[in-house]
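Quick look at what Swiss-Prot annotates:
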- 1-18: signal peptide (SIGNAL)
- 19-108: domain 'CFEM' (DOMAIN)
- CYS26-CYS67: disulfide bond (DISULFID)
- CYS30-CYS62: disulfide bond (DISULFID)
- CYS40-CYS48: disulfide bond (DISULFID)
- ASP45: heme binding site (BINDING)
- CYS50-CYS83: disulfide bond (DISULFID)
Amino acid sequence: MHFSRTSLILFAAGLASAQLPNVPGCSLDCFVAALSADGCSSLTDFACHCQKPELVSNITPCVQSACNIADQSSVSVAVVSQCSAAGHPISVPPVGAASTTASETATTTESSTQTTTGTSSTASKTSSSAASSTPSSSSASSSHHHSSSSALTTRTLTSTEPSSQSTSASAAATTTLSGNAGSEKANVAGVVAVAAAALYLL
């Protein structure tokens, strides 16, 4: 079974080589793999192969891996020539363009990732600073409120103290007056008693 598969691949490679005599040997396996999987009836049916939009994208990466720059250029020329002869001309990207595009894409992706990471880090720092400032502001507000309450209590006590003193003074004055009135009444009673005794004796 393995021998039959190998023979089939070699036969297909021979057909591809015969159909594309200017194609380097390093690219034959690439052509066999791509042309045998695109749905066309045979490997040599380039009128069909060249109408497949995926032809170039399927063959190019394999050729870039297997062949050097000079051989890649030869493959591009051979494919363009063969498809033009089959009545279905195609265009092939310049050799090295795909690699350059892939490199630029990777660089752009990396830059975007770094930018996103930097933005996320800045946002995190900003959020942390805001969170740290909020408790400090709350503490300051609480301290100010506590100080205001203490001052208000002190002022209330201070204002109440004179009133207490006034009340004490009033009470003392009332007691004194009451005492004086009692003394006067006692004196008057004494005088009346003496007068009554004198009248009795007379």
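Residue 1 is the first one shown; counting continues down the chain.
Keep in mind that glycine also has a Cβ here, set from the backbone N, Cα and C atoms.
Distribution of Swiss-Prot features across the structure.
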{"residue": "CYS26", "record": "disulfide bond", "DSSP (3 states)": "helix"}
{"residue": "CYS40", "record": "disulfide bond", "DSSP (3 states)": "coil"}
{"residue": "ASP45", "record": "heme binding site", "DSSP (3 states)": "coil"}
{"residue": "CYS50", "record": "disulfide bond", "DSSP (3 states)": "coil"}
{"residue": "CYS62", "record": "disulfide bond", "DSSP (3 states)": "helix"}
{"residue": "CYS67", "record": "disulfide bond", "DSSP (3 states)": "coil"}
{"residue": "CYS83", "record": "disulfide bond", "DSSP (3 states)": "helix"}
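Taking Cβ-Cβ distances under 8 Å and a sequence separation of 6 or more, the neighbours of CYS40 (disulfide bond) in its chain are CYS48, HIS49, LYS52.
With a cut-off of 8 Å between CB atoms and residues at least 6 apart in sequence, the same chain places GLN82, CYS83, ALA86, HIS88, PRO89, ILE90 near CYS50 (disulfide bond), listed in sequence order. Looking at CYS30 (disulfide bond) and the residue listed as 'heme binding site', their Cα atoms lie 16 Å from each other.
Counting only the Cα atoms, the space from CYS26 (disulfide bond) to CYS62 (disulfide bond) is about 10 angstrom. Here the Cα atom of CYS62 (disulfide bond) is found 21 Å from that of ASP45 (heme binding site). When Cβ neighbours within 10 Å are tallied across all protein chains shown, the highest count among the disulfide-bonded residues CYS26, CYS30, CYS62 belongs to CYS30. On its own chain, CYS67 (disulfide bond) has PRO24, CYS26, SER27, VAL75 as residues at least 6 apart in sequence with a Cβ closer than 8 Å to its own Cβ.
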